[in-house]
């Protein structure tokens, strides 16, 4: 009896211990990024181990804002990233909502073909299309412009957005719309006053997903932008890496700043994101 | 799953229940003919997909049969590309970069997918066993790893494995000399350069990618576990089933659809890894470290640009991925998920 109890207790301790190990493995690199951002240089470039910045210094943080990198303050790159991501999300949300409503609410010819097309284009690696999209953007005169990145990112995020959003549209009971029709509301009114408010939470989740994808996007931002004033954050980061030495304090400060919005969004939508990714992929 | 839309299926038609009211409203205040509506809704999305995914796909294949260089991509008076047949393909298959980059692509994907699924599943099972507070605590922690943007991931791990001031070399130096000698055959790790050798570079890449992608697997597995009715586990316990048997006979079969999706998603993500490799390898200077994505990029965007050759490599990469994921697409279509 007593033995069983201690064994149970031991099991609990072991499980919690494993939980803490997982937590540390996951968090330590992120902690180290933030800690390095707050360390003065003599605590960074050393073979000694300084677990906590003491005293914490704001040098790197203020330096990336005032002096910046590649000739511009980090504000400029954050702003560029935000512009590209927000415009992409707004345009993408409208297109995705229309298409998702079509496939979730109507039966029509080519509906199945369209869904299979969505699945297949999601399998095509974005990096593989880099070369042809580069020549296309160049031909259209959108090379070296943020609008070029917006267009590309709308294309890259749309298939997944439609795929995820259609489950949210399908979850709204059809009877509500029918009631509205019977009351004589027009198609647009029904969509706007009945369907839209109910799909809105799903639309927010999908939009956040597109935002993160666009915010993080590196390969296209690297190849389609040449003007340093138009770099997005992911591309600007690598300019802290010099020929001989790397400005670790600066790059960690910039990385931390870039991670914050994503982390906030993640914590907001984590539950929906998992169900969206998995359910959206497994079930209809 | 099927959503019934016809009135017949919902209790009208041949069933004995009284026929429902017609779906058609009596008066339509405005609008297009019914059959046009879905196509009109679909049109913008379809145009985007056609212009930004299907056409580039076609163009990529077209380019792979042409010689496309600087003269062809300049904005004023571009010269027409010369058709070269399969030259680009023979060139890549005969290139001494082909086998190394193919090997890097496959070996990296195999190891990373396996490790991510293993670690992710174990953590998912652990989260399911932990108490409510502890599991929330761990979930918030792994969220931090998951949320870190790929560029920041690469940079942080590069810093951790830095030769002079990196924490990893410091920690390895802490090991007692005899142990370090026994396991690694050396005791001094000061200044160990992790990014000069392809093998150690890929080791760091694997650690970084597994670190960033196991949280998604863990949380998905946890969501799946929560959906399994607890009666099944009680029955197993009453029957005296051991933990591993319970996993093999109950958990795994019920979560199989979740696992297959997670595996395909991981394969897609890991096969074409670009951002993290580009940053860890320091761009395109280290040719031995190329995988197919990075090789394709290097041919197309370093000077002189060989876009046709790069496109041919991209075609090979896409082909491999589509073959691998074909099975999965067919399975989804078969299980009527798209009906």
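Each Cβ is built from the backbone N, Cα and C atoms, and glycine gets one as well.
No curator has checked TrEMBL annotations; they are predicted automatically.
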When TrEMBL marks a stretch as transmembrane segment, which of B:246-269, B:270-293 is it?
B:246-269
Tell me which of B:13-35, B:36-58 corresponds to the transmembrane segment entry in TrEMBL.
B:36-58
Which residue range, B:73-94, B:139-160, is the one TrEMBL calls transmembrane segment?
B:139-160
Of the ranges B:1-29, B:175-203, which one does TrEMBL list as region 'Disordered'?
B:1-29
Where else in the chain does the transmembrane segment (B:246-269) make close Cβ contacts, counting only residues six or more beyond its ends and a cut-off under 8 Å?
109, 112-113, 116-117, 120-121, 125, 213, 216-217, 220-221, 224-225, 228, 232-233, 236-237, 321, 324-325, 328, 331
For the transmembrane segment (B:199-225), could you work out the same-chain residues 6 or more beyond its ends whose Cβ comes under 8 Å from its Cβ atoms?
104, 107-108, 111-112, 115-117, 119-121, 123-125, 127-128, 139, 142-143, 145-146, 148, 150, 153-154, 157-158, 161, 251, 254-255, 258, 262, 266, 269-270, 273, 276-277, 280-281, 286, 289
